[in-house]
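As written in Swiss-Prot, here are the features:
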| type | residues | note |
| --- | --- | --- |
| BINDING | G10, A11, G12, G13, F14, V15, Y155, K159 | NADP(+) binding site |
| ACT_SITE | K159 | active site, proton donor |
| TRANSMEM | 288-308 | transmembrane segment |
Amino acid sequence: MAGWSCLVTGAGGFVGQRIIKMLVQEKELQEVRALDKVFRPETKEEFSKLQTKTKVTVLEGDILDAQCLRRACQGISVVIHTAAVIDVTGVIPRQTILDVNLKGTQNLLEACVQASVPAFIFCSSVDVAGPNSYKKIVLNGHEEQNHESTWSDPYPYSKKMAEKAVLAANGSMLKNGGTLNTCALRPMYIYGERSPFIFNAIIRALKNKGILCVTGKFSIANPVYVENVAWAHILAARGLRDPKKSTSIQGQFYYISDDTPHQSYDDLNYTLSKEWGLRPNASWSLPLPLLYWLAFLLETVSFLLRPVYRYRPLFNRHLITLSNSTFTFSYKKAQRDLGYEPLVNWEEAKQKTSEWIGTIVEQHREILDTKCQ
């Protein structure tokens, strides 16, 4: 494969940064363009240290700015699109999520057509498949099964519609007469160092005398380590550029998991943090059906108050379902088509994440000490 270049959107994010760091190791890669709305100074510094034989160009711009996207895509061989707004709690306005996740993806696809970019990889989410009910069990699901989210909540809806747009764009004619080839990856819940979700869970625990909050004690999920997710994107980029592999990948979606044990979200948080003295919440909690209907009542109150007051419930039905379902998927199709095998095993992933959590605990030790006095 001749020299090539790659644009990564959301490059300052949890997954995007890992993809950038892996990409610069790719053979024949001449340039990586890292695009995000804003980069933290420390991220820019880390990227500057990656400057080897591969040029790393940092671009700050809005996914909703069509001209910015067109400039970013000029001369690019592959786009890896990870930029997204993730919110399942109702903090971020619905329209903002739809604009970034759906319209932003549509803008980027159009920029690829105009700039004649032949390959597009979308970082989707398992949320596009559900779960739709905590009562329905999905164990080791796969792509041939018809799993599709029916939620109207902005995050799963926007990601679902964006993925549909990406896969529908496969085969589109480019401005230079070539063809756009696309695929989508659906990672499970992603954990690892710098996970914003784990970071928030640890900070909440430190403010609660070291007791981890109950978020999903009834769930059975198969979390995936961030480095393995990034690796799957690298393999997809290789595959779409390889004429021998590309035909089986074009227009396809893939569940991305690894060998992390199936467990509840609460068990995962505890397993990763127990070495640092954090412990699970042993207090009694409401039965799941009652929690679900309470969420419905809170959503109803929020809807009725909307004309005069913006009330955000502490939890909603989608969050309750997401956090308390049995919902796991196999990576066999990615293994078959992309040659995907997890780079990092569970023990190593657990150790790396736990060590990172340890640094958070030490940095914020005064919170725990104050709360325990």
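Keep in mind that glycine also has a Cβ here, set from the backbone N, Cα and C atoms.
Because the structure is a prediction, the values reported are computed rather than measured.
Annotated features taken from Swiss-Prot, shown on the structure.
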residue: G10; record: NADP(+) binding site; CB count, 10 Å: 24
residue: A11; record: NADP(+) binding site; CB count, 10 Å: 26
residue: G12; record: NADP(+) binding site; CB count, 10 Å: 23
residue: G13; record: NADP(+) binding site; CB count, 10 Å: 20
residue: F14; record: NADP(+) binding site; CB count, 10 Å: 22
residue: V15; record: NADP(+) binding site; CB count, 10 Å: 25
residue: Y155; record: NADP(+) binding site; CB count, 10 Å: 26
residue: K159; record: NADP(+) binding site; CB count, 10 Å: 27
Y155 (NADP(+) binding site) in three-state DSSP notation: helix
